[in-house]
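Q: Got a structure here, written out as structure tokens. Questions coming.
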Amino acid sequence: MITINEGSVTIEVPDFSKVSSRAPVFYNPVMEFNRDVSVLAVQAFQRILDREISVADTFSGSGIRAIRYLVEVDGVSEAAANDINPLAVKCIEHNSELNSVSPLVSREDAAIFLRGNPGRFDVIDVDPFGTPAPFMDSAAASARNRSLLAVTATDTSGLCGTYIKPCLRKYSARPLKTEYCHETGLRILAGFTAMNLARYSKGASFLLSHSSQHYMRIYAHVRRGARRADETLKNIGYILHCFSCLHHEDVRGVPEDRKCPLCGAKMDAAGPLWLGDLHDEKFIGSMMAEAKNKSLNKSEDVLKLLKTCIGEVGMPPGFYDVHEICSKLGVSAPPLMDVMGGLGEAGFRVSRTHIRPTGIKTDAGVREIEEIIMDLHGSRS
Ligand SMILES: C[S@@+](CC[C@H](N)C(=O)[O-])C[C@H]1O[C@@H](n2cnc3c(N)ncnc32)[C@H](O)[C@@H]1O
Ligand SMILES: [Zn+2]
């Protein structure tokens, strides 16, 4: 057995030589960051509801999420830990005892578990191997009014457009391999979640969404009501991208064949995807405040992510990579802060993106960014 200390819990998992879905019980130390963020998100959500809450860890593995929610989050009175693997179930029972908590342990296919417990949980955590797509219908059906639906996807090669067909198959969406393809992937996952919920007359807004390491994670606030679902669907659309000049724009509804307004080249489309905000400023602020009361090993990295995500709120979908623009212009890249400063002075809104250190989100177009870069070069020489 291997002993693991995460947050305020200690668990044991059977020895594994490498992190793999073939391990007897799955535990990935790299995902500690994801779990630290989740603990803060569940806590911030519990503060919104301001009462005792119940949480479902539907793909529990070692039980670490359910156990951490029970031990580390104030106001979690009930947690379910479900996994289809009988060894995982044994491991969850062992680790629960080790931490003196008693989650409701079950061994079911997650889709059946969710269908069998409609409207029961305030938080549903979906953390499968690879794609969550086959489970999203059941998660959407099960999610109660005013609940949190947290979803992880590790099939990033499809969502980001390295492979197109898997994304079409799983999410009925076309990805596009651009410099901001991780954001497009995140928006495809968010859009897919919203469309699944709409089928059950439920609306969604996103409290936090991030693409980190090898996975994507979204936190949807689910609200019941056909009108809410209709309003939510207004945020579904496409991003059009010009590979010739790097211009991009978003369109709500189905796009027509379109030429780039800047250079006339044919534009490619990604979607359907979520065009609305991926985060809620107040919610992230509350997560940051909660971090002070928790003992998280990844606290510094988590706060850095949350701070950058707050800056993204209200900014347009997609971003520009300053290095990519400079290489098209054939000039060296000026400091990012200088480009951002130039855009700010010219009256544009501008922020960084958590997805790429060389990316900037702005309401300026690619031509305006090029101009500022060339001005910076002019003033230097
Ligand atoms: C990525 S791991 C979960 C990791 C865990 N949530 C954590 O944070 O450490 C996916 C888990 O899903 C389980 N699993 C696979 N297919 C399943 C299904 N259809 N229903 C329920 N559990 C399933 C696997 O046994 C595995 O433990
Ligand atoms: Zn163009």
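A Cβ is built for glycine as well, from the same backbone N, Cα and C atoms used for every other residue.
It should be emphasised that the depicted structure is a prediction, and the values quoted were computed from it without experimental measurement.
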Q: If I go by TrEMBL, which of ARG35, ARG47, ARG51, ARG144 binds S-adenosyl-L-methionine at the same site as ARG65, ASP83, ASP109, ALA110?
A: ARG35
Q: Test of understanding: give the count of other CB atoms lying within 10 angstroms of the CB of CYS263 (Zn(2+) binding site).
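A: CYS263 (Zn(2+) binding site): 14 neighbouring Cβ atoms within 10 Å.
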Q: With S-adenosyl-L-methionine as the bound species and ARG35, ARG65, ASP83, ASP109, ALA110 as its recorded binding residues, calculate the greatest Cα-Cα distance and give it in Å as a whole number.
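A: Spelled out: the longest distance between any two Cα atoms in ARG35, ARG65, ASP83, ASP109, ALA110 is 22 Å.
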Q: When you measure from the Cβ of CYS242 (Zn(2+) binding site), how many other Cβ atoms are you left with inside 10 Å?
A: 22
Q: ASP109, ALA110, CYS242: which of these binding-site residues put a Cβ within less than 6 Å of any ligand 1 atom?
A: ASP109, ALA110
Q: Provide, as an integer number of angstrom, the distance between the C-alpha atoms of CYS263 (Zn(2+) binding site) and ARG65 (S-adenosyl-L-methionine binding site).
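A: About 50 Å separates the two Cα atoms.
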Q: Provide, as an integer number of angstrom, the distance between the C-alpha atoms of ARG65 (S-adenosyl-L-methionine binding site) and CYS242 (Zn(2+) binding site).
A: 42
